[in-house]
Each structure stands twice: as C-alpha cells, then as structure tokens.
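Database features, via TrEMBL:
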DOMAIN    1-264  domain 'Plant heme peroxidase family profile'
DOMAIN    258-555  domain 'Plant heme peroxidase family profile'
DISULFID  CYS268-CYS348  disulfide bond
SITE      ARG295  site 'Transition state stabilizer'
ACT_SITE  HIS299  active site, proton acceptor
BINDING   ASP300, VAL303, GLY305, ASP307, SER309, GLU321  Ca(2+) 1 binding site
DISULFID  CYS301-CYS306  disulfide bond
DISULFID  CYS354-CYS551  disulfide bond
BINDING   PRO396  substrate binding site
BINDING   HIS426  heme b binding site
BINDING   THR427, ASP475, THR478, ASP483  Ca(2+) 2 binding site
DISULFID  CYS433-CYS461  disulfide bond
Amino acid sequence: MAASLIRLHFHDCFVQGCDGSVLLADTASFTGERTARNNANSIRGFEVIDDAKAQVESICPGIVSCADVLAVAARDASVAVGGPSWTVNLGRRDSTTASLSLANSDLPAFTDSLDRLISLFGNKGLNARDMVALSGAHTIGQARCLTFRGRIYNNASDIDPDFANTRRSQCPNTGGDGNLAPLDLVTPNTFDNNYYSNLIARRGLLQSDQVLFSGGSTDSIVNEYSTDSSSFSSDFASAMVKMGNIDPLTGSQGEIRRLSSTFYDRTCPSALSTIRGAISAAVSREQRMAASLIRLHFHDCFVQGCDGSVLLDDTSSMNGEKNSLNNANSLRGFDVIENVKAQVESQCPGIVSCADIVAVAARDASAAVGGPSWTVKLGRRDSLTASRDLADQNLPRFTNSLSELTSSFSSKNLNQRDLVALSGAHTIGQARCFSFRDRVNSNASDIDPEFARSLREDLPCPADGSGNANLAPFDAVTPNTFDNSYFRNLVDRKGLIQSDQVLFSGGSTDSIVNEYVRDSSIFLSDFAAAMVKMGDLNPLTGSQGEIRRVCNVVN
C-alpha cells in the first residue's frame, strides 16, 4: 500500500494538477481517470484515502480537501517503509471533474523511451533529475506481468538473462496478465536505493525503468544515486514537493469534497443493493412512486440542504416541512423510505443516514422507469431539525415565472441548464387539479386549447374549485417512462403546470428545451449531472447532525 499511495498522488498530479481528480468515479457527464490505460486494474488505495477522509471529516467537516489528504498520505507512506519525509504544502482544493483522455495523454507509460519520459516530465515543470528521483519510488511496490512481458521475452542486450528467466516463471508468454512481481527483488518493501543498483545490473523490471540507465543522459544520475542513498532520498523528497505544486486548485476554485461514492463500502457493503431492491419493488407496485421519490429528494435538498429534514414529523417545538405550502397533501413516499431504512438498519444499525437513503432512492427510482443512473455521493448525516418557514420560502412554486425559477435555482448554485434538466423529472408523475386549474381555465395563448379542454372537462378540473385532488399526468404521452416527451409537450404548449410551460415561452431557456427535444441522450446526461450537483447542496458530514434510527423522528 505504501507504493500504491505514492503512485496515486503521482497519477493525480500529472492529470489536471494535484486536484484529487484521480479519486473521482465516472459520472453521466464525464469519464474519469480510473480506467485510463495506465490506471485500469492497476491504480489502488482509494479505500485508504476514503477512510482517512472520513476520519478527518468527523473532526473538521468540510475543511480538508481530498487532494491534500492524498498528498500527505504519499509522504506518510514513504516514511512508513523507511523512506524520506518532507514538508507537504497544503491548501489544495478538489476538482469537480476528471478526464480519461488527459490521463491517457499525460501519464507516462511503461513502454516510454527516455526522450518521451523527459518530455512528459518537462511538460509538468520537472527536469531529468526530478524524473530519475521520482522513478526511484519503484524501489517498492509491484508490477503486473502485462507491463513487463515484452521486456523479459525480447532477449535484448539491456536485460540480464538470469533476471529475465526468473521473471518468466511468473509471467508466461501468454496469460497471467495480472500476476505480480516486485519492482525491486532485493528489498521489495524497503525504501532504499537498490532500484538504481538493479538498473546498472540490467535488472530494471519495466522498460521505462531500464531506459534511465541505457547509455543516455541520465546514466550519471543513476550512478550517483546507486552509490549515495542520501543524495537519492534528498532529491526524492524535493521532487515530491515540486510535483505536489503542479497546478493546484486554491481559493474559491473547485470545492472541498465531503461525500464519497464508496462511503459505505466497508461499513455497510449491502446498503446500496438493499436500497435498490426495495425501490424496485416499490415502483413495481406503483409506477407513480418513481416520480414521488425523485421529488422527495429535490424537496429535501432545497430546504437546509440534503439532510433528511423533509422526513421529520412535526413536534411540539418544531413545525416541519411536510405541511408546507408545496408539500401538504402532495409530497409522498415517506413509507417507502421508512421501509428501506428499517431493512438497512437490520443489517448495519446506526450506519446509513436517512438523507443518503433518500438520495440513493431517487437514483434507483429513475433507473426503475427507464431513466438515467448516476454515481451517488454518500456520507450525508441527518438533520436534527426541519423548518416549514424555510420550505415555504425556498421551494419553487407551480405559479413561478421563469425569472423566479432561475433565481430560486441560482440561490442553490444551480444554473438554468440544471433548472431545465431537473424540471424534466416531470416526464413522469402526476399533479393535482389544484396546481393547474388556473392554467387550464385561463384561455391563455401559451396552452393548447384542446389540451386545456380535456383537463377542464374530461378530468375534470373546472373553474368552480371542485376536484382539487383529481390527478393528471405531467406527460400524457408516456406517463410512466422517463424520456424526453415532457419537452415535446412544452413545445406543443401542453405543459401541465405554469412553472413547466414558462421554460418554453419565448425566453432564455427555449434553446435548452429544443435541444432536449432533438436529443434525448443530452437530456438524460444533463439530468444525471444536475442530480449529482443538487445532491451536493449543504450536506451535513463528520460530526454534524446524527444518523437517525428511524427517519421521521430524531434520536
């Protein structure tokens, strides 16, 4: 693990800078770095960083970045196996994106020539001496047969025949790609300078190792490090500091990541599968439940952040959110969340928060009706309180104008594209006559006359105030399938509620609606990305809040 953590920091800094991007799992909107050619089935230590982050969050929530945790972990890993220490510069912030293509282009490969390596390191402000010193991290760790097979079977003059033969026993000419061999056979778990002695003896395991001593410009540095371990240790520490300064995010750039998709992997590994099974069953019983669970997550996050506050019942000292203007007699799915919570509690008591269950349930509800999936960040904790007043103030209303909706979403750091994408959840679900009566009885120019008539008369939803609870689907075309029909309806002036139709009303969001009509894949991708973004709204982490035993009351 010492070698793995040092390598993890190296692979982070060489792609986008030292910003924690290597830690990000893929999302609907980007393919991250973990599956890059030089990372797939190779880079490791993520669970160690997640565990360290969780411990730090419990002490100082929202303060220490994952990028800094990774930088410090590399230093401490070196020390743990007898290597040098150094002063780690701190204050990095975390990237909000990652790039598979940049990882493929920027990371050195095990087949690289000396000139190629010098060029790649030079691109990062690191010179040949830095390169040779940093390569010395291969004094510890192991490599897969896949990476050195070509070298041990090429019968070239730059490899010791006996060394090649011993490696062939673990790395056949075909098969065994994942078989491991130590990069330094002599002292494989001790951070020393034997790596350089191996190169001089033509026993570098990887081609990109041996080229450092191959009659080229770096031979003299290898010779120096092989005879003076203190010079190597000093230069390695200096180069790690220098590498750690590559393009960090600081100030207001990026974020301090608080949540992690692997948060429960060790403490409750069955949590996600349990939630998925329960949500699938609930939606199978009632298709409308998918829309209700997505809406529940939305209404939670928009009030106090994604903290499970929407689930709390009123008490003698608190008026909660369930009876606010936009929730009373409308918000539903509480029984489903309580059932899921009970199942998870029976497996992992006191571990998984209600807020996280709501977030995962929304994702699984979407997938259950043909909608997109996404990687849910986890680690939220549950609020100790709720607020009807805040719910009344912060939740968008069905009568809102486009400017009001834009302002409401902007206050939550969500832009107009997020607004339109998230509104697309109305491709499923139903609304009460109460919420669209004025629209269908208005004879306005922004509603199709026949569409209005059918709702007034056939539903019915008359102007006299009767039938308040009568339900109509947001999307009459495919009411139980998550698709882009909702946006076609808006173009046809068949948006059910006023706050839907304003998205296509001659304003700034018309172009986004048209884009989603033309290409459903863009809508689905944007919806998933916006749900991830919304799920990051002001979570409670670390020692904040609590993990409720049941979701409707505090412990």
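Placed from the backbone N, Cα and C atoms, the Cβ positions cover glycine too.
The distance from the Cα of CYS461 (disulfide bond) to the Cα of ASP475 (Ca(2+) 2 binding site) comes to 17 Å. Apart from ASP300, VAL303, GLY305, ASP307, SER309, GLU321, the Ca(2+) 1 site neighbourhood in this chain, defined by C-beta within 8 angstroms of the site C-beta centre, holds HIS299, CYS301, PHE302, GLN304, CYS306, GLY308, VAL310, SER383, ALA386, LEU390, ALA391. Comparing Cα positions, CYS433 (disulfide bond) lies closest to ARG295 out of the recorded positions ARG295, ASP300, ASP483, CYS551. Apart from THR427, ASP475, THR478, ASP483, the residues listed for Ca(2+) 2, the same chain places the Cβ atoms of ILE428, VAL477, PRO479, THR481, PHE482, ASN484, SER485, TYR486 within 8 Å of the centroid of those Cβ atoms.
Comparing the Cα of CYS348 (disulfide bond) with the Cα of every entry in ASP300, GLU321, PRO396, these being the binding-site residues, the smallest distance points to ASP300.
A separation of roughly 6 Å, to the nearest angstrom, links the Cα atoms of CYS306 (disulfide bond) and ASP300 (Ca(2+) 1 binding site). Of HIS299, GLY305, CYS354, all annotated as recorded positions, the residue with the shortest Cα distance to ASP475 (Ca(2+) 2 binding site) is HIS299. For CYS301 (disulfide bond), applying a Cβ distance below 8 Å and a minimum sequence separation of six or more within one chain yields LYS412, MET534, GLY535, LEU537. Long-range C-beta contacts of ASP483 (Ca(2+) 2 binding site), restricted to its own chain and to partners at least six residues apart, with a cutoff below 8 Å, comprise GLY370, THR427, SER520. Cβ packing within 10 Å was compared across the binding-site residues SER309, THR427, and the lowest neighbour count falls to SER309. Taking the Cβ of GLY305 (Ca(2+) 1 binding site) as reference, residues of its chain lying under 8 Å away and at least six apart in sequence are, in sequence order, LEU537, ASN538, PRO539, LEU540. Neighbour counts of Cβ atoms within 10 Å were compared across the disulfide-bonded residues CYS268, CYS348, CYS433, CYS551; the minimum falls on CYS348. There are 23 other CB atoms within 10 A of the CB of the residue listed as 'active site, proton acceptor', with all protein chains counted. Other C-beta atoms found within 10 angstroms of the C-beta of PRO396 (substrate binding site) number 19, with every protein chain shown included. Looking only at the domain 'Plant heme peroxidase family profile' (1-264), the predicted model's pLDDT averages out at 94. The Cβ of CYS306 (disulfide bond) has 28 neighbouring Cβ atoms from other residues within 10 Å, across all protein chains displayed.
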